[in-house]
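Chemist: What Swiss-Prot records for this protein is below:
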type: DOMAIN; residues: 55-285; note: domain 'Radical SAM core'
type: BINDING; residues: 73, 77, 80; note: [4Fe-4S] cluster binding site
type: BINDING; residues: 152, 213, 283; note: [2Fe-2S] cluster binding site
């Protein structure tokens with residue numbers, strides 16, 4: 001039996017493996033149209049590129065987050081249960097105290113997870129408000145109590161002074177997602193603010209030498225070509241970590257009952273992200289357990305080298321102990 005040849009576009013993309021240079025837009029758009037067994041060939045290439053050039057040096061970058069203020073958000077992001085514009089049934093509370101943050105951070109450190117993120121609902125902090133100063137005090141306390149734990153934050157849109165203060169207080173990474181191709185943000189995500197608010201925040205953070213964790217969400221009504229546009233937008237913003245979320249439709253939000261996204265499209269998105277970003281950390285976030293289910297390991301073999309463990313903001317995740325076993329098993333493919 002004759003061997004089945006690789007698709008010509010995949011053969012062309014193998015240059016990334018040799019050079020470490022990203023594929024061009026034209027080739028990325030073409031690869032996004034692959035179907036059937038060719039998708040697995042694409043995934044295999046992305047996995048090889050990750051192992052040779054990836055940002056996590058062959059290991060898996062794991063992080064855990066804490067929802068430090070929940071709900072009553074002024075923004076109308078269509079997928080989000082925390083928006084005050086929607087009717088999702090979630091826990092609502094103000095900023096938690098430092099003892100609650102320390103409890104979760106200690107648990108994260110005890111489980112061998114290197115990065116811990118403080119996340120708050122809301123538009124963000126344009127000035128050094130009383131609440132923002134409370135968060136800075138939390139960060140200082142975490143550094144004192146857990147000096148080996150990398151402290152991260154996701155606090156929404158930031159003004160110049162808050163961004164500078166986060167740098168002064170030693171934040172390791174800041175998460176703020178552009179979510180989709182920028183030109184479709186207002187239509188697919190929110191119209192109470194603009195994607196430029198987020199992009200300006202990213203630029204402020206980078207000016208202050210803070211590493212940025214910036215990703216998106218797939219399955220909100222975008223097309224594959226627009227996922228490719230989003231992936232290239234990450235390159236323009238000089239981000240360090242790219243978390244990709246898969247929509248988990250939540251009752252009470254505008255996207256409840258969404259039909260979902262084909263699994264091969266998800267695999268292609270992760271693989272293309274790796275081929276465009278050979279050296280970045282690419283992380284699986286929401287949807288890993290609930291959407292991918294039995295196939296979540298496939299994403300780790302399609303270019304991803306990071307994951308969010310221990311749960312999400314308003315949806316359950318998987319126990320960290322189970323994820324540690326998952327990460328050990330994945331080493332067989334390195």
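Backbone N, Cα and C atoms are what each Cβ position is placed from, and that goes for glycine too.
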Chemist: For residue 152 ([2Fe-2S] cluster binding site), just count the other CB atoms lying within 10 A of its CB, please.
Modeler: 23
Chemist: Taking the Cβ of residue 77 ([4Fe-4S] cluster binding site) as the centre, count every other Cβ atom within 10 Å, in any protein chain shown.
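Modeler: Result for residue 77 ([4Fe-4S] cluster binding site): 25 neighbouring Cβ atoms inside 10 Å.
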Chemist: Taking only same-chain residues 6+ apart in sequence, whose CB is under 8 Å from that of residue 73 ([4Fe-4S] cluster binding site), what do you get?
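Modeler: For residue 73 ([4Fe-4S] cluster binding site), the qualifying residues are 80, 82, 83, 84, 121, 122, 123.
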Chemist: Quick check on the binding-site residues: of 80, 213, whose CB has the lowest count of neighbouring CB atoms inside 10 Å?
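Modeler: The binding-site residues 80, 213 were compared, and 80 has the fewest Cβ atoms within 10 Å.
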Chemist: Distance between residue 77 ([4Fe-4S] cluster binding site) and residue 283 ([2Fe-2S] cluster binding site) at the Cα atoms, whole Å?
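Modeler: Computed Cα spacing between residue 77 ([4Fe-4S] cluster binding site) and residue 283 ([2Fe-2S] cluster binding site) is 21 Å.
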Chemist: Report, as a single number, how many Cβ atoms besides its own are within 10 Å of the Cβ of residue 283 ([2Fe-2S] cluster binding site).
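Modeler: Total other Cβ atoms inside 10 Å, all chains included: 24.
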Chemist: Suppose you look only at the domain 'Radical SAM core' (55-285); what would the mean pLDDT be?
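Modeler: On average, pLDDT over the domain 'Radical SAM core' (55-285) sits at 96.
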Chemist: Where does residue 80 ([4Fe-4S] cluster binding site) sit in the DSSP three-state scheme?
Modeler: coil
